[in-house]
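Here's what TrEMBL has on this protein:
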- 111, 283, 380: substrate binding site (BINDING)
- 429: heme binding site (BINDING)
- 6-24: transmembrane segment (TRANSMEM)
Ligand code: HEM
């Protein structure tokens, strides 16, 4: 009995010491207010329940800057949108450790030279590589469109044309078209492993992503059997040598594979890195799903975009000198104001991301209005774009989707114009341009060559349990019907502006 009591007392003392060492903190002068929370998980439960509502409540009570705790991580939130540029520029706010946390905790690998890899990732999806990538993407998308218009959801031959409408979930359809094109544009074609194909990856990513926030915070993947099972499937990839030989493999995967091999990184590291690259590209798939949903859900949005795409095709047809597909250049489809506004509005309502940085040394951070706050080395500092995107002072009726909200518009907070009203890509995403162009090309082509409609009564909304993900997934898929148009002018991606 005495032994048990001593044992329990030792555990209690151990836990108390651990609490004071790793969790408890007293606010120092000039530090932001600490939001009270649960003894163990801090503000985790309120954050997980509905992050935007929780942060708006805190903002009302504590102002534009305050500190929350998720498990043992203290995060200072800066909710003043005018201070975005100061935060993005601050040298002691470092993204590298956050990136490492994702690589290590979620995808189970380390990078020997992360900076070099990231700077190359930026180069290989921009400049001249952007056009090569887009060219490959356009070809892969054409194949995917051809497949869904000739094969039904069970793989049987079925022409979706005339009175033959095909039916599928909108997410499933977007995965069979856009995600499939993304997958082949990244990894090229080949038949090394049966499971290394877009549909298997789409389904297993879906299961795996459910646990992303828990894994990111450091909970071991073994706690979640479904995540472990999905990760096992996702890890079945061609060997690095096979990957390098796949026809159509992207310049970035070629570079990263060769670079990691040259640095003696293991096959497992290479597999993990491939996954993280597909994971960032997966955001384009989520975005495209939502844009399509909003277009199909709202007649005015559909009609406005339909007219814009039709006008473009007619303009091009009038000036075409040859028969065959109409060449459309990046400049032409990137500058369509309605399409651009629909995509921005979709990003505004579906973005769920944290723009988070590790604080490498104690610092006095200056807000845009001149207020100063002390921040501690080892904490994290973050902006929370969804809280800005849903601020009624900046965006009137923030819960309502308005397709033309961003056409020639300016946005204000406290009477001052915002330099960056939409911060869904954070300040560092190198894939922003690529991703937006892919989404636009996908939509222009879909609107041009397919009839698509939502099945009566189908509705969905953002799943707020996933706040923290770049783009929120839907709570459920919706059924759509689609068919190839009987008459349409085929479009071709033009790598250069036509003279
Ligand atoms: C809708 C699509 C996308 C969204 C919403 C998105 C969003 C983001 C966000 C919010 C960040 C964190 C940035 C920060 O904290 O400042 C990020 C980082 C990153 N994104 Fe994207 N992204 C998208 C597509 C892509 C694509 C297509 C690629 C690759 C081709 C990509 C590559 C990356 C990389 C490599 C980083 C890490 C940057 C670094 O460490 O410096 N993203 N993205």
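The backbone N, Cα and C atoms fix where each Cβ goes, and this holds for glycine too.
No curator has checked TrEMBL annotations; they are predicted automatically.
Locations of recorded TrEMBL features on the structure.
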residue: 111; record: substrate binding site; CB count, 10 Å: 23
residue: 283; record: substrate binding site; CB count, 10 Å: 20
residue: 380; record: substrate binding site; CB count, 10 Å: 23
residue: 429; record: heme binding site; CB count, 10 Å: 17
Close-lying binding-site residues around ligand 1 among 111, 283, 380, 429, where CB distance stays under 6 Å: 283, 429
For substrate: widest Cα to Cα gap among 111, 283, 380 in Å: 24
Rounded Cα-Cα span from residue 380 (substrate binding site) to the residue listed as 'heme binding site', Å: 19
Per DSSP, three-state class assigned to residue 283 (substrate binding site): helix
